[in-house]
Amino acid sequence: MVNKFKHLKSNWAIFGIIFALSLFLVLPQLLNHSLVLGGDSLFHFNRIYDTYMQFKTGNYSYFQSNYGFQQSGRVVNALYGPGMAYLLGSSLLVLQSWIKFEVMTSFFIFFVSGYSMYFLSRELNSTKKISLLTASLFMGSFYVTRWSIDQNFMTWGVMLMPLIVLIGIKMIKNNAQDLKILSLALIVSLIIQIHLLSALMSIGVLGVFFIIGFIQTNQKLQLFLKCLFASLLSLVLTFNVWGSMLDIFTTNKLYTTFAHVNMSSSTMNLSTANYSPSQIGLVISLIFILQIVLLFSKWHEISLANKTVTILGIFFLILTSSLVPWNRLAALIPPLQNFLQFPFRFDSFATVLLLGGFGATISTISLPGAIKNGELFLIIGSIFILGQSYIDIQHQNEIWNSDSPVAYKGSIVFSNHPNKKQIKHAFTDNDLSKGLILAKKIAPDYLPNNNSKKIDFHNNTYIKDVIMHQPNVIKTVTDKGNLNLKWVAAKKGEKISLPIVLYSNSEITLNGKKLRTQDIKLSSLSSPTVKSTQKGINTLTLGYHSKIITKTSLTTVILTWIISILAAITLTFKKSKKEIS
């Protein structure tokens with residue numbers, strides 16, 4: 001009974017500290033009553049608003065953006081973190097406010113990041129105190145704060161990276177006896193449903209752990225079968241993601257995300273200054289250096305798990321730095337400019353791996369005063385990191401109450417040159433669409449490219465065809481998830497260009513009759529120009545038909561998630577009950 005009480009008391013203390021630190025980091029937004037409109041805000045707000053409206057109206061469309069992105073019918077969510085888009089849309093449905101949405105999602109990210117890092121550190125045999133300190137450092141690290149500062153969506157993937165490493169460690173410890181098929185499948189599938197680049201990095205990391213585990217275990221078949229079954233389950237859990245990619249990418253020529261030509265300008269290096277997109281910062285740099293030195297000086301005392309995470313961390317540290325000739329690599333492999341874009345993204349895993357490894361090292365090596373001095377160093381480091389994070393978040397939130405409340409105006413088109421009062425009113429209105437109508441984000445992601453030649457995306461094309469080209473057309477969404485466009489023609493045969501985009505599997509009917517390809521003239525963005533088939537009111541209906549992603553397949557994915565989560569909760573509860581007793 002006494003042990004049970006101590007166990008619960010210890011867990012509540014950890015919960016309380018991580019909760020308090022999460023609250024501390026969202027305090028600037030609470031005190032400023034502010035909304036952060038950063039570099040990626042409007043893009044993701046449009047994604048989330050679209051799923052929010054689907055829940056609100058019951059008019060579901062998995063592929064088309066019928067509510068977000070100027071009701072253009074473009075495909076975004078099906079290819080970019082679809083599962084997370086719907087989860088966030090449901091959150092917005094409950095919160096009914098962009099400010100509340102930012103506060104709650106930021107708090108959630110800090111809280112889960114803290115706990116995931118704590119669990120990783122404990123798996124690496126760090127003491128509870130040191131695990132809590134590494135969790136605190138991770139909560140205030142560069143990438144974990146990116147959602148609060150500019151709504152960088154990779155933060156959602158980074159939040160789960162410690163759990164990816166934790167699963168990897170289970171592959172190389174105790175002959176993988178503790179590796180659970182369900183846990184592996186759920187964590188990998190969740191990160192795939194959130195952010196694809198984070199998922200690819202995670203799969204690469206797990207691949208390294210699998211190879212090491214396979215080499216050193218005497219139960220190779222068991223490890224292989226566990227990973228095989230987890231992979232098969234993950235394929236079902238993420239069918240909506242890779243199925244959508246097959247559907248869209250194999251039948252359309254699309255514009256990519258913007259190409260970051262000078263990739264070498266977006267590296268991160270060890271530094272003595274505060275952390276930034278180009279500098280790792282003094283505290284984290286010291287931790288990285290100390291861990292690398294201790295690894296090689298105390299090699300025989302370091303566990304296989306710690307050696308693996310540290311060497312992997314060094315690899316990611318090199319990738320994120322200017323030691324790699326990124327511009328030369330990009331010249332040889334141009335897709336890097338579109339898909340990776342910023343090498344500093346590798347800092348995410350470098351931080352997770354080296355921070356976790358450092359906590360384990362000072363907890364386990366036979367060095368006089370290692371734990372005591374290590375704790376003191378981590379306490380001081382945490383104060384510095386969390387302090388800088390608070391200041392950075394505070395600075396970003398102060399912008400809302402300035403003369404220019406939009407923190408980042410790049411690639412944004414404003415309607416009617418609004419003043420600060422109009423901008424603030426639009427984004428705090430009960431009608432969540434008003435801010436998105438006032439400020440429109442230009443982004444090429446997944447737009448159809450109807451050019452016969454390779455031509456880069458131009459902002460002016462999207463502005464002309466979709467954003468500013470708003471003829472007297474009324475758009476409504478049907479209960480089947482189709483988009484209706486109505487206009488009045490002065491005469492039969494009158495031509496009209498419509499502010500929507502078409503894909504190969506788009507289906508359009510005009511006044512009840514399916515249009516043929518020769519009946520439509522497409523712009524470079526696949527925006528259609530059609531002839532009115534009657535005088536007066538004309539109605540065009542836009543839908544999307546996929547042979548791969550169907551209602552049956554989506555239902556199967558959802559049911560598999562529900563069953564898997566319930567099974568995981570049941571097994572975790574039974575295990576916890578057994579440990580406490």
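Quick reminder: no glycine exception, Cβ is built from N, Cα and C everywhere.
Given the structure is predicted, the values throughout are model-derived calculations rather than measurements.
Features of the protein shown, as given by TrEMBL:
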| type | residues | note |
| --- | --- | --- |
| TRANSMEM | 12-31 | transmembrane segment |
| TRANSMEM | 98-118 | transmembrane segment |
| TRANSMEM | 153-172 | transmembrane segment |
| TRANSMEM | 184-215 | transmembrane segment |
| TRANSMEM | 221-242 | transmembrane segment |
| TRANSMEM | 279-297 | transmembrane segment |
| TRANSMEM | 309-326 | transmembrane segment |
| TRANSMEM | 346-367 | transmembrane segment |
| TRANSMEM | 554-573 | transmembrane segment |
**OP:** Tally Cβ pairs under 8 Å between the transmembrane segment (346-367) and each listed stretch (12-31, 279-297, 554-573), then give the stretch with the top tally.
**Re:** 279-297
Original post:
Against which stretches of its own chain does the transmembrane segment (221-242) lie, if we need a Cβ under 8 Å and a gap of at least six residues from its ends?
Top reply: 62, 78, 82-83, 171, 175-176, 179, 181-182, 184-186, 188-189, 192-193, 196, 210, 213-214, 549, 553-554, 556-557, 560-561, 564
Subject >> Beyond the flanks of the transmembrane segment (98-118) by 6 or more, those residues with Cβ under 8 Å of it >> reply: 14, 18-19, 21-23, 25-26, 29-30, 33-36, 45, 48, 88, 91-92, 131-132, 134-136, 138-139, 144, 147-148, 151, 155-156, 158-163, 166, 352, 355-356, 427-428, 432, 435
**OP:** Among 153-172, 309-326, 554-573, point out the range having the most Cβ pairs under 8 angstroms from the transmembrane segment (184-215).
**Re:** 153-172
Subject >> Surrounding residues of the transmembrane segment (153-172) on its own chain - C-beta under 8 Å, 6+ positions past either end >> reply: 40, 44, 81, 84, 109, 112-113, 116-117, 119-120, 123-124, 138, 143-147, 178-180, 183-184, 187-188, 190-191, 194-195, 197-199, 201-202, 205-206, 208-210, 212-213, 216-217, 223, 227, 304-305, 308-309, 345, 348-349, 352-353, 356
**OP:** Six or more residues out from either end of the transmembrane segment (554-573), which same-chain residues have a Cβ under 8 Å from its Cβ atoms?
**Re:** 62, 180, 182-183, 185-186, 233, 236-240
Subject >> Cβ-Cβ under 8 Å with the transmembrane segment (309-326): same-chain residues at least 6 beyond its ends >> reply: 124, 165, 169, 205, 208, 263-264, 266-270, 288, 291-292, 295, 302, 336, 343-347, 349-350, 352-354, 356-357, 360
